[in-house]
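TrEMBL annotations:
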DOMAIN    62-481  domain 'Major facilitator superfamily (MFS) profile'
TRANSMEM  99-121  transmembrane segment
TRANSMEM  128-152  transmembrane segment
TRANSMEM  158-178  transmembrane segment
TRANSMEM  190-210  transmembrane segment
TRANSMEM  222-243  transmembrane segment
TRANSMEM  286-311  transmembrane segment
TRANSMEM  331-352  transmembrane segment
TRANSMEM  359-381  transmembrane segment
TRANSMEM  387-410  transmembrane segment
TRANSMEM  422-443  transmembrane segment
TRANSMEM  455-477  transmembrane segment
């Protein structure tokens, strides 16, 4: 058979076989690895315009659905702050302490249901789990709108946390199966725009729906919950038919060659880990994630994010209200900070992927958030400085939304192996929700409008966990990578077999952590 008659993959395989051990790649692999040789061949086919075309196809088929369902999920979760302004506390005869307790109950189940949800996601797939999560959240929201007392409100808050727990880590893990380390942060921030837009839409929706306050004798908060819940229920049913699976299971818009390339790219892109593309989760993956110092350091930073971000997001409408605006106007004014935050989070993701500076992409937004909170502390009690306080809220919100995707992506990049990565993300999300448990109780009603405890605790956690910790972690990673750089490939292969290196994941001396 002549050269022109041969299939391009066959030709590429023959050309690459002799070069596979000498080509300069990010990951050094064993000489005899047919899958890696196949990956190199397919990589040659998907370069330049061909790769851009495939990436654009993935962007349009994967991202919009995830953004939309996360937007709805986040609106459903966050509208409790809007409900407070439209009479929920009064209708259920709660004081501020009982209200904060209700906020806290959400985070208890949210925190600890995350890892089990990740196991379900690996077993059942994104289509079933994510659409099921949104359906459960929607039905709970409708029931919450019909709630009349603490006896029903508190259990519903626990159930809401239980279902919401699967949404964020599930979506984050799905993205790691479609994108490389060089693409993941920018795509993750586009996905996270759903949260930013949710903050804006939530305020605007509450402003519009709140006009129904006292219609038919019902307070506005009930209409907010029921209308949003009914809409989300319809979307959840449709989501089952449009959500994408992982590349290995996805059909339709991917041909066999594209699917194979994406599966192999996902397997080798994060390091030479044998389980990189496996769809199963085993005890070894769980243990590896739970004993990783990288997971725990980043989880601490993530915990600090939750401590100050959730408290701030729940309190923004109240801060607006304390400035002298009506409840409805406070909802409308809470939207622009989230719009500003949307631009910040996209810019942060682009910077992180382009320059591969994960620590700087975390510290810079944290510094902006610190400045914003400091402005609020100094101006919030002075009504003639309303504009300055509003600028502070915008800066704080802009910095805060960049941190969640930054820590989530950094965690996934420094946990090699699909199973370990899924567990690592879930563990990190557990800690951010425990931070939310703290954050929902630090802005005390009797300290309004100064909120000395709330702002003071927020500044402390922000400075320690989101500025100091990433800087120290940057030095630690540099030390570990430096030690590995001193080992030659010959020394490594004398000490370990190819199979051992494959199984070690990010503990392999061939692996380099992202800084």
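Placed from the backbone N, Cα and C atoms, the Cβ positions cover glycine too.
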Summarise the model confidence on the domain 'Major facilitator superfamily (MFS) profile' (62-481) as a single mean pLDDT, whole number. 86
Are the transmembrane segment (359-381) and the transmembrane segment (158-178) close enough that 3 or more Cβ pairs fall under 8 Å, when only pairs 6 or more apart in sequence count? no
Most CB pairs under 8 Å with the transmembrane segment (286-311): which of 128-152, 190-210, 359-381, 422-443, 455-477? 422-443
Between the transmembrane segment (455-477) and the transmembrane segment (359-381), are there three or more C-beta pairs closer than 8 Å, counting only pairs 6 or more apart along the chain? yes
